[in-house]
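Below is one structure; the comments refer to it alone.
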Amino acid sequence: MDDPKYKILELLRTERPDYVSGEFICQQLGVSRTAIWKNVESLRQDGYEIEAKPRSGYRLLSSPDTVRAAEWLSGLQSQAIGLNSHYVKLTSSTNDLAKELAKEGVKDGTVVLAEEQSAGKGRLGRAWQSPGRSGLYFSVILKPEVSPMEVTQITMMASVAVAKTLERAFGVPARVKWPNDIYIQGRKVCGILAEMAAEADKVRFIVLGIGINVNQSIEDLGMLEQTATSLRAQVGYIVSRAELLKTLLEEMDYLYIKWQQEGFDPIKKMWKDLALWIGHTVTVSGLQKTWAGEMVDIDEYGALVIGFADGTRQTFYSGDVSLRMSG
């Protein structure tokens with residue numbers, strides 16, 4: 001972040017709760033006192049509460065609930081994911097915006113974030129509710145050298161990252177549902193949508209869209225209360241979306257590198273350890289047919305393997321079917 005505004009913010013945050021003199025800021029950043037004043041005013045317009053006191057300087061009193069990079073980039077332990085980002089307050093879909101940026105050639109690991117989506121979307125064309133400043137809505141642009149068949153592996157890597165982050169940071173029993181959902185105690189808390197641009201045998205880029213219900217109350221969930229949940233509903237307090245994002249990006253970066261270096265096997269094992277319904281009877285629904293059988297495994301590409309009573313097995317791919325528990 002080369003913007004002087006955010007450099008000033010970082011100085012104020014580092015010295016908090018003490019004052020930072022205008023003279024010190026001038027020396028550190030090489031800017032005029034007028035420039036400092038203008039940038040402080042801009043930060044105030046962004047929602048930062050900054051006190052100015054004669055002969056003392058400036059002091060940061062509070063920060064807004066925002067996912068701007070200024071709130072999470074400092075100290076990010078990552079080799080790729082999150083080092084570059086693009087933030088907007090409102091967009092139709094972070095995936096749509098990310099695809100446009102990917103076509104322009106942004107770097108591997110670029111993150112696209114929004115406070116609110118007007119047309120968030122999930123798998124199979126389903127809508128994803130994205131109210132402002134209550135959830136975490138972002139997309140990650142990845143450019144691995146893989147075939148289209150291997151993209152589901154990336155989706156599963158992301159779902160493992162989300163589940164592990166929620167378990168470690170909040171102590172909630174997060175589980176993954178094939179192929180791209182994360183559940184807590186039987187209710188959905190996160191959905192992941194992977195989209196790509198590819199030739200016949202090579203992916204140009206992958207866009208991973210991730211939506212997490214963070215601070216919605218039970219009342220906010222409304223009619224979805226029986227099937228959906230939020231972190232706030234689970235832990236009983238307001239969660240810092242910026243801190244959650246930072247922790248999640250670090251976990252994703254770690255697993256992304258692990259996948260690149262070691263292949264899908266370690267990711268597959270982690271996914272199966274977190275998976276719902278393995279060994280149970282499930283129903284697989286396609287456009288024109290439904291199958292019932294035992295969820296046996298996932299294959300080397302992340303496809304679902306179902307075993308039937310007659311001893312046969314069938315493989316299903318995520319773009320074609322949906323999965324639910326039988327009974």
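Cβ from N, Cα, C; glycine included.
Keep in mind that what you see is a predicted model, and the values were worked out from it rather than measured.
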(request) Check each of the ranges 22-41, 162-181, 222-241, 282-301 against TrEMBL and return the one annotated as DNA-binding region. (result) 22-41
(message) If I go by TrEMBL, which of Q117, Q153, Q216 binds biotin at the same site as S93, T94, N95, K188?
(response) Q117
(request) Using DSSP with the three-state reduction, classify S93 (biotin binding site) as helix, strand or coil. (result) coil
(request) Go through the chain and flag residues at least 6 beyond the ends of the DNA-binding region (22-41) whose CB is under 8 A from any CB in it; none is fine as an answer. (result) 4-5, 7-8, 11, 50, 52, 57-58
(message) Taking only the residues in the DNA-binding region (22-41), give me the average pLDDT of this model.
(response) 95
(message) With helix taken as DSSP H, G or I, strand as E or B and everything else coil, how many residues of the DNA-binding region (22-41) land in each class?
(response) 17 helix, 0 strand, 3 coil
(request) For K188 (biotin binding site), name the DSSP secondary structure in the helix/strand/coil scheme. (result) strand
